[in-house]
Amino acid sequence: MGFSAPSNRSPLTSDIRPQVSALITAGAAIVIVLFATNVILAFHNVRQIKTNATRLSQTQQTVDSINNLLSLAKDAETGQRGFIITGNPEYLKPYNTAVATLADEVATLDRLTQDSPDQQARLLTAQARLDAQLSELNRTIALRRTQGFEAAQRVVSSNQGKQEMEALPVVVDQMVDAARSQLEIEFEDSARTYRAAVTTGLLSGLSAIAALIAYVWLLRRYFNNRTQAAELLAQQTNQLKTTIASIGDGVITTDNQGVITNLNPVAESLSGWPVSEAIGQPLDEVFRIISEDTRQSVANPAQRALAEGITVGLANHTLLIAKDGTERPIDDSAAPIRDGLGEILGCVLVFRDVTERREQENRLRESRQQFEQIADTMPQMVWTTRPDGYCEYFNRRWYEYFGTTPEESLGYSWIGSLHPDDVEVTQDRWNHSLLTGDPYEVEYRFRSKTGEYRWFLNRGHPVRDESGAITQWFGTCTDIEELKQAQKDRNNFVRLANNALDFISMSDGEGNLFYINPAGKNKIGLSDRLEQTAISLGDLFFAEDRDRMINKFLPLVWATGTGTTDVRLQPLTSADPIWMRYSATVIKNDKGQPAGLAVISQDMSKRRQLEENLRQMASDLSEANQRKDEFLATLAHELRNPLAPIRNGLKIMRQSPDNPKRIEQVRAMMDRQIAQMVRLVDDLLDVSRVSRGSFELSQEKVELAAIIEQAIETSLPVVEAAGHELRMALPQPPVYLYADAVRLIQVFSNLINNASKYSESGGTITISAKRSEQAVGLPAEVVVSVKDTGIGIAADMLPKIFDMFTQVEGALARSQGGLGIGLTLVKRLVERHQGSVEAVSSGIGQGSEFIVRLPVVEGSEAPLPSADDAGASEGDRRILIVDDNEDSALTLEMLFEMTGDRTQTAHDGLAAVAAAEAFRPQVVLLDIGLPKLNGYEVARQIRQQDWGQAMVLIALTGWGQPEDRLKSSEAGFDAHMVKPIDHDALLKLLGELTRQS
């Protein structure tokens, strides 16, 4: 699709052809008449002439074909560039047509130059250049389709295709020059032929010579003119075709009546009319235009160009309506086509699609409107200038302040409103920024429309395009009169604050610090000159406190006028924050408007450290409480375990009264279970007494070996039951201690039991001791080690292995039972003996070792006290039983009478207090839920009396929760037992408590 090729007929050839033909005919007749005898020779010469003419024609065809080849290459490039720019496949039609035709054109040239090896070589070069160009075009088209305009543009910008295109005409020119040279040679051959014919004709007569000369001259002129006309016509046709096809605008040509004679591909695309349908149509039918504003038809500029013979431009905001109804904004012009005499032959209409430009103009206009709307709402004065500093825009605030019009303000008139003292420095800084492109910032005084001078901060920044060139300057003028006034007031404040010990600072309304006293600078590690370090209030806050202070506290201060809080400040030279009591107050200017903040901060680090210590203590207490809860759960488990076999044993005894052997087995089992329960209770009582400080040691000089042997004897049943091997190595000579033998036996027995419990069956327990001399002036000590091959202790458990209720995790430990208080008791008992204990283990599965260090004393062997001597004997105790359940009180009374104790009973709280005062018992068994006065109050009243200080008070109750036991302890009870009461356990507890008391 495109412009059709013009006719090959030339006006020149049309004019001379009849005249030349007549002369040729006359000359031929004369030759025939005069040289009848030379017909054969003349015929031969004519054949040779025709051969030369054929060769001339073939050579001319070669030139035409070469030019067509170049034109097609340009068509392909034009289609490629149109497609790259627009992405419209319609632009590929010239490209596809050229690609489809090029192969045929190359074949034609190959055929026409078969007899010329040089031309054949040049044709191969031209074909290679052409193939390279087509490959480059095809590659850019593929890039445009797959990767878009930018990727294709980069390839086009590399100029590789252009280089190929520029190289192709060079080869083509060489071929054309060669063809023309050949043409001249053929002309020479033709001339020689004619000269030969003339020479031959001389034999026939002088008249034939004249005829032949005239004939040859006419024939030569005819061919020369024809060749020149053909060349000129071909050149003009190709140039016109290439130009019209490659232009990026739409082009329509008409005759002098306004009827379309042709249109290029762009015009086809924009109008929607194919060239085949458009040719012959009136221009107004194909090129329909209306006003974008009024929607009315617009006078076609081509009609005016035809009528007036002038170039006519389109009106603004013109829409082209395509054949399918599509509307596009267009612009450009129409011009008349004239012949050599100036006569109008037709019109050419050139137009382009400006949709994208129109959209850009609309976006720019909308953006400008939005900018001006935003600028007019700003409290600052806003301005813009050209790159040379010429002011071209001010917002409404500017005109309100100066009382001027836009015409009076544009340009450089603003300089006249400056205070005389500020003109020079302002102009110097502005000229410097214009010269270097540096941001512009200066403070100066502007005179308002009332004649008042006010301080302004003027800041300007350059706006640059993609190349970095400055396209304009944008800036604001901010009124800082209040700030300047505040700076004056600050000086008075600074004189006082510089001598203060607290952290004092001042900031402006935007939070920028402009003053910190010396004490504050020292606190945060700031240099002496604050202005050298631009910081704000937010920069001083610790990262975790910054959001709270900036978004909550400071807005509250601005709203209320003052505020106080604790916050961490972050020193600039240290990573450790400082706790400060932060008191902020709003600073107001002389008009009563908030202008900044004054802050006084006191160092709260020590106080916060105390608070942190209290929080840690609370955390520790919470952890201890958690361990206590775990202990209570374990205690419930351990106490329930013996109850099941005891209950089963009672049932067996009832059902087997006549089987003494079975009854004895059951009784032994029940004794073992009761002993386990007693051991648990004893450990609890010991820990409780040690924790309360009510535990007293009965110390005397004792031998270490005897204590360890007694501890082994106590623990031996447990060790043997587990199948462990027990090894012992004691020092020689004997080592003596000043200690409570019973408690040390308890210490080492607990350690041996612990080693047995946490070792797999068949393990080894080693007990060793050695004397260790201390430094001069310090007493010697003995180091006792209890080492096992058991499950070991994890590294994270070692620091807390002696904590209350701590147990090593593991199936083996759980299966052995225990409350997790044995090691706690060991540690506290050893420390009461001025010693120490530590646990050592290489980890899980590596066994463990407990090392006890105790001070030694010099002296001879001392006997161990008997366990029977340690407690008071039964049968000589006075016991007061208080219970509102008379049956319960009666049965307890009967049981104690069986042991020889003296008892009295009471059934309410008031009676209990009176009985205690009269009977003066050693032990009071006291129910909690009593009428008239509950058990807690009874215990308190008894403890308040001198005669009640030494009494053993035991709570007997159905309440057994941790808080119940705590209440009992706080009321003054020595022990707390949950009903139903086991009499043997009660007797054992009485034995322990009466010994202690």
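Backbone N, Cα and C define each Cβ position, glycine as well.
As the structure is a computational prediction, the values presented were derived from the model and not from experiment.
According to TrEMBL, the transmembrane segment annotation covers 20-43, 196-218. Taken from TrEMBL, the feature domain 'PAS' covers 236-309, 367-437. Here TrEMBL flags 314-366, 440-492, 563-616 as domain 'PAC'. Marked as domain 'Histidine kinase' by TrEMBL: 634-858. Under the heading domain 'Response regulatory', TrEMBL lists 878-994. Under the heading 4-aspartylphosphate, TrEMBL lists Asp927.
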Mean of pLDDT values spanning the domain 'PAC' (563-616): 86
Residue distribution over DSSP helix, strand and coil in the domain 'PAC' (440-492): 12 helix, 30 strand, 11 coil
Secondary structure composition of the domain 'PAC' (563-616) [DSSP: H/G/I, E/B, coil]: 12 helix, 28 strand, 14 coil
DSSP-derived helix, strand and coil totals, residue by residue, for the domain 'PAS' (236-309): 34 helix, 17 strand, 23 coil
For Asp927 (4-aspartylphosphate), nearby residues of its own chain (Cβ under 8 Å, 6 or more apart in sequence): Val882, Asp883, Asp884, Asn885, Ser888, Gly935, Ala955, Leu956, Thr957
Counts by DSSP class (helix H/G/I, strand E/B, coil) across the domain 'PAC' (314-366): 12 helix, 26 strand, 15 coil
Three-state composition of the domain 'Response regulatory' (878-994), taking helix and strand from DSSP: 59 helix, 25 strand, 33 coil
